[in-house]
Amino acid sequence: MPGLDEKLHDIYDEVVRRNAGEAEFHQAAREVLTSLGPVVAKHPEYADAAVIRRLCEPERQIIFRVPWVDDAGTVQVNRGFRVEFNSALGPYKGGLRFHPSVYLGIIKFLGFEQIFKNALTGLPIGGGKGGSDFDPKGRSDGEIMRFCQSFMTELYRHIGEHTDVPAGDIGVGGREIGFLFGQYKRITNRYESGVLTGKGLAWGGSQVRTEATGYGTVFFVEEILKTRDDSFDGKQVVVSGSGNVAIYAIEKVQQLGGTVIACSDSGGYVVDEKGVDLDLLKDLKEVRRGRISEYVEARGDSARYVEGGSVWDVPCDIALPCATQNELNGTDAATLVRNGCGIVAEGANMPCTPEAVQLMAEAGVAFAPGKAANAGGVATSALEMQQNASRDSWAFDHTEQRLAAIMRGIHDRCVETADEYGSPGDYLAGANIAGFVQVADAMLALGVI
Ligand code: NDP
């Protein structure tokens, strides 16, 4: 990764010093700062108003206790987080993650990324993120409900449709959003649909929200392919993960004529040369909440399961990391390059390590960073907020067309901005700079707050 100029280096050092031990946040901050050299050179007013230093400090960080009782009657204690990072463009917006690895550094990295991602959508939303170190795996519906109710009993006082609007992320899907919304409604005695997104279709949700992140990532790749007069037709694709983002990325790739030959979960990966059977995968993951290893038992001979290992060992034309942060490292990137992979697009947040990103850049692989490629989820959340505000609900096709247009817009903005700042073809620089400039201009206009 190229070095930072002196002023930006000082800011990075300050981030590391003030946020000790938060490695993922340092990584996300460094990745953005690395792109900003040409911007601060062109716009000294940003430095004068300490815009970057203010951007690196969350507006508000909330940490709270989440006590709940499990099915055995034992009291459990988890920790809840909400980091309200930046509201220059609109109410804080970003998901909730329930995963045992969650701590403040993970939430801050995700919240920081969210600022620029949300700006790129062109919609009026600020950046935030939250979650808990609660592990939903193996928990009953009753336990999930009691945890969500306890979590919301504290969170409700910090959120609102004009303040902060959470959504789902790892471990938080439609079921959890339902329990969270129910408790919010009960405590406040208000049917405030716009306070959470990712809701069910019967109670204020939007068509396409479930599909949006995965579909959006694939729409973004389709735009990259178009710049090369190419399409998904006949392409071999590998997707990591088998959660919400992965499943709907697979669905859209298949609709556009590509073949997804491998996917994974945290236990291992499956290779299915005939193409992943999506009905089977959805039943396994969305209904039975099973492990990816069970896919092979149901699918028979065409598929094989590899425990542990790296899904990136499977040769492909296009790779879509859709599981979690830092899941694709330098070794994986070298393997992808060696196997002729030409495009890597991040469905997940920061799944590629800095080493992997550099290696891909050197090899000429088109790399679409998460803040651009997976922005379709939050963009459709903003469309859900629009529908809630106008007490309306739009048809699937209309909403999907809006999503596709937003993804085309983000793609084109990345390309144009990269050109303007002297890094043609560099989607990472384009995304970081375009997102930053939009937020920075709003921060300048709003004064030192
Ligand atoms: P889900 O919980 O639905 O799925 C996550 C998937 O990733 C599961 O298959 C899970 O496997 C796998 N996974 C999680 N942690 C690890 C790990 N440490 N190693 C390997 N695999 C792992 O989450 P989502 O699909 O919603 O989110 C996936 C990524 O996309 C995250 O980075 C999230 O921040 C990002 N994202 C999500 C958006 C959304 O709308 N949902 C929007 C934008 C970005 P297992 O079940 O074994 O844990």
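The backbone N, Cα and C atoms fix where each Cβ goes, glycine too.
Unlike curated entries, TrEMBL annotations are predicted automatically.
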Where TrEMBL shows Gln114, Lys117, Gly168, Ser381 binding substrate, which of Lys93, Lys137, Lys199, Lys226 is named for the same site? Lys93
Provide the three-state secondary structure of Ser381 (substrate binding site) computed with DSSP. helix
Round to a whole number and give the Cα-to-Cα distance in Å for the pair Ser381 (substrate binding site) and Thr213 (NAD(+) binding site). 10
Using DSSP and three states only, what is Asn244 (NAD(+) binding site)? helix
Given the binding-site residues Lys117, Thr213, Asn244, which lie close to Lys129 (active site, proton donor), meaning Cα to Cα within 10 A? none
Counting across all protein chains, other CB atoms within 10 angstroms of the CB of Thr213 (NAD(+) binding site) number 31
Taking DSSP three-state, what's Gly168 (substrate binding site) in: helix, strand or coil? coil
Smallest Cα-Cα separation from Lys117 (substrate binding site) among the recorded positions Asp169, Thr213, Asn244 is shown by Thr213
